[in-house]
Amino acid sequence: MPGWGRDSSPRFGSSRGFGGGDRGGGGGGGMRKFGQPGEKLRKVKWDMSKLPRFEKNFYVESPNVVRRSQHEVDEYRRKKEITVKGQSCPKPVFSFEEASFPSYVMDVIKQLNFKEPTPIQAQGWPLALSGQDMVGIAMTGSGKTLAYLLPAIVHINHQPFLERGDGPVVLVLAPTRELAQQVQQVAQDYGRLSRIKSTCVYGGAPKGPQLRDLERGVEICIATPGRLIDFLESGKTNLRRCTYLVLDEADRMLDMGFEPQIRTIVDQIRPDRQTLMWSATWPREVRQLAEDFLKSYIQINVGSIELSANHNILQIVDVCMDSEKDSKLIRLMEEIMAEKENKTIIFVETKRRVDDLTRRMRRDGWPAMCIHGDKSQPERDWVLSEFRTGKAPILIATDVASRGLDVEDIKFVINYDYPNSSEDYVHRIGRTARSTNKGTAYTFFTPSNLRQANDLVNVLREANQAINPKLLELAGGARGGKGRSRYRGGGGGGGSYRDDSDDDRRDRFGSRFGSGRDRDRDRGGRDRDSGSSRDRGYGLSGGNRDSGSNRDADSNSSQSQMLQKSLLGLAPQGGLSLIGQPGLLGLIPSFSAARDGKLAQVGGDQSSQQSAQQQQFLTASTPQISTLLAQQYSQYQSPMPLMSLNFIPDINQANFCLPTNGVVPPPPPPPPPPGVKN
């Protein structure tokens with residue numbers, strides 16, 4: 001639309017932000033055809049004498065805090081692992097009441113039944129409320145969002161009301177759209193009583209609703225750098241009223257290449273603003289950013305300033321070969337799905353491997369979905385909603401979800417591929433054990449990750465975890481000492497105190513998932529014990545589809561069950577928009593295609609006898625489905641893709657309905673009785 005500026009947001013799910021690649025897409029700007037993002041924006045030359053004055057110190061120390069001795073303060077900081085660097089740092093508060101928040105904030109806190117502030121909140125609130133610049137360094141799940149949002153709400157309520165054309169008073173910059181959305185949700189929850197309006201500005205979503213919010217006026221804007229620069233360049237918003245700036249996960253934004261965009265944005269904000277920077281690590285680049293943007297700041301560290309993981313996470317490292325990962329993952333998922341709380345994130349390095357692993361796992365009956373930088377925003381939102389509610393308790397992801405994904409009850413994190421840096425490893429496993437919860441992180445570490453071995457050993461030692469001797473060998477270190485972990489894996493490339501050769505469990509999942517030859521030998525008769533995850537409704541009884549293999553009656557029956565469940569799980573109630581593609585994304589065994597009411601084999605190594613059995617099953621048992629598939633398929637000259645595999649809903653969905661221009665044809669009439677002519 002004219003006047004809206006260049007829409008460089010991703011098309012059809014592509015979300016390569018200015019940081020590029022898989023790692024976020026949060027910028028939402030994409031690569032422009034001409035020039036660099038922000039090149040139209042010039043640094044503002046501020047005349048401080050003409051700027052309206054504003055108040056930013058609202059902190060009134062509670063009488064309890066005033067009476068608190070320095071010894072009590074030092075003991076509290078020591079106990080909570082709080083380190084303070086800088087001059088004139090206020091004392092921490094021990095309770096919400098001591099923070100002297102107004103009633104409209106305290107009412108929400110009481111509704112949520114919070115017991116006491118987290119360490120970063122206890123020390124950060126007095127600093128933020130007093131108007132000082134600060135740097136907060138804390139592990140993921142430490143409560144930093146409330147540490148800066150509640151003082152922001154107080155800050156807003158002490159400023160003049162917005163006038164037409166004014167930009168936001170509070171700006172929060174975040175690296176990814178997921179984190180931006182989560183921050184906005186918190187802002188809405190706490191700002192509702194004081195009628196504070198907020199909006200979330202990020203790429204990969206339509207600009208219209210975001211622009212309407214900005215034009216109506218919002219006090220809080222949570223934004224990813226790319227989309228915000230787009231709006232600033234097109235004149236759709238401005239930062240003249242911004243007096244409270246938050247850089248959330250600053251280290252992550254720098255990792256994603258957002259430093260030029262951050263500097264361009266900060267140049268549009270008055271220099272006497274209050275700035276709060278939050279980070280999980282404190283590398284040289286973040287230190288330089290703090291020196292450039294903050295004035296006389298105070299630094300708060302919670303925990304070690306060195307790279308460290310949450311000590312509530314049990315870390316298990318399996319040194320193995322890359323070819324062993326699939327078979328090990330199957331065994332691991334069997335154990336996890338037997339747990340009552342089994343919400344799991346599996347991190348994979350590339351988008352293609354995410355899609356491939358998701359496809360294989362869903363084909364074998366696991367309730368898995370995936371998310372990465374090429375997914376459209378509606379799809380990402382839907383997948384995260386299914387994951388949060390537990391309908392799909394397995395989420396396969398790239399690093400796009402390794403930060404900012406705030407789901408409280410994630411119990412397991414699996415590093416299928418080890419990340420490029422140990423910093424990313426710490427942030428990945430930080431998705432579990434949020435707040436004071438416990439969690440477990442499993443990591444497959446291969447010889448190709450050799451350069452990361454020393455850093456990983458240091459992280460494990462700092463967290464008092466046991467260290468796999470094979471990992472120590474790779475790192476060139478001494479034998480592992482004490483710890484509370486256990487070792488896993490071992491065959492082929494890794495050592496372990498648990499010998500997989502003694503594990504006589506058989507792989508219960510056929511199809512093409514996994515590559516271990518030991519599993520191929522065991523596929524003849526699968527374990528059908530009642531304790532398996534299949535019996536809880538997660539499994540499709542997929543048979544072995546290897547060429548030349550012998551099938552018995554049980555295998556054929558299982559294949560029919562798999563076909564039936566695959567079809568019934570294809571679409572939600574109401575149907576999908578497009579059907580008619582070879583193999584229905586591989587959910588039908590052997591990549592069959594529906595054409596003219598019949599199953600036509602287009603791939604795989606299935607024998608003609610089995611293909612005939614499948615065709616007979618489909619025609620006899622599900623004539624209506626066969627008819628619908630055939631009608632939909634015949635509409636297209638060439639095969640049409642459906643949607644990303646991970647967008648298919650719960651595989652056990654009972655409702656099956658495919659749209660046929662709004663009319664669902666009745667099933668074909670039954671054949672006439674013998675001897676009766678049509």
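Easy rule for this one: first residue shown is 1, then count along the chain.
Placement of Cβ uses the backbone N, Cα and C atoms for every residue, glycine included.
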Which residue range, 94-122, 123-151, 152-180, 297-325, is the one TrEMBL calls motif 'Q motif'?
94-122
Distant-in-sequence neighbours of the motif 'Q motif' (94-122), which means Cβ under 8 A and at least six residues beyond its ends:
59-62, 64-65, 76, 80-82, 129, 136, 138, 142-144, 146-147, 150, 153-154, 157, 189-190, 193-194, 300, 302, 435
Helix-strand-coil residue split for the domain 'DEAD-box RNA helicase Q' (94-122), DSSP-based:
16 helix, 0 strand, 13 coil
Per DSSP, what is the residue tally for the domain 'Helicase C-terminal' (328-475) in helix, strand and coil?
70 helix, 23 strand, 55 coil
